[in-house]
Amino acid sequence: MSGDFPTAARAAEILERVRQMRPRVHCLMNTVVQKFTADGITVIGGIPSMTTSLEEIESFVTKADALTVNLGTLDAERRRVIRLAIEIANASGKPWIVDPVHVDYSPSRLDFARELIAQSPTIVRGNRAEMSLIGDVPDVVRIETGPVDHLRDRTRNVSIVNGHPWMAKVTGTGCLSGGVIAAFMAVEKDALTAAASALAVTGVSAELAAQRAKGPGTFEPAFLDALSEISGEDIINHARIEHEQG
């Protein structure tokens, strides 16, 4: 991993690369938020796909540039698809992120998350309760989300101090952010920088959206508008990326 710390200028540059390169992101996503996540990836510049068909997953992951795996809705068939998708991503060297949603609610889900994390994801992302159960994961970028997002790898600790409280009142903003992280990973090999940049972009977009929204109901479409319209200047002027040596 690179030893450089992410910056607002770097985030703006990576966003421009996403818009120019239009990476394909395959999403094994919580069914509740599939459309919102797909919309977020699309407006930021990526191309999402969402199939969970066991017969199709190999083809879709092979054609994707990155994979995002969310454990929000699980059943036996979904577990088989996730295992195969990760096997294909690893075999082809594609970056992937796993979000161990609600592992604090279900021991079997926690066991499954640990099984997946043993397959060496690029990034593991969850809230404080989830990540406290996951623990340290060597050689993986670890993201703990909250009002301030904390990221770390072996040598760097970074915090993203952007966002808005309405993000917590709209179902799926975190899942959408995971999709945006995957799009950024597809064009930036430094996974911590990619993730920090993606979270800065989504956080600044949320702040800009809140300026024109009246509440959570109008915030959701305003957030998508802001993601679509955010400029490099917006990121440089408003991103708050804090870091210290690990």
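Keep in mind that glycine also has a Cβ here, set from the backbone N, Cα and C atoms.
Annotated substrate binding site per Swiss-Prot: M50, G172, in sequence order. According to Swiss-Prot, the ATP binding site annotation covers R125, T145.
The Cβ of T145 (ATP binding site) lies under 8 Å from the Cβ of R125, G126, N127, G174, S177, each on the same chain and at least six residues away in sequence. The Cβ of M50 has fewer other Cβ atoms within 10 Å than any other of the binding-site residues M50, R125, G172.
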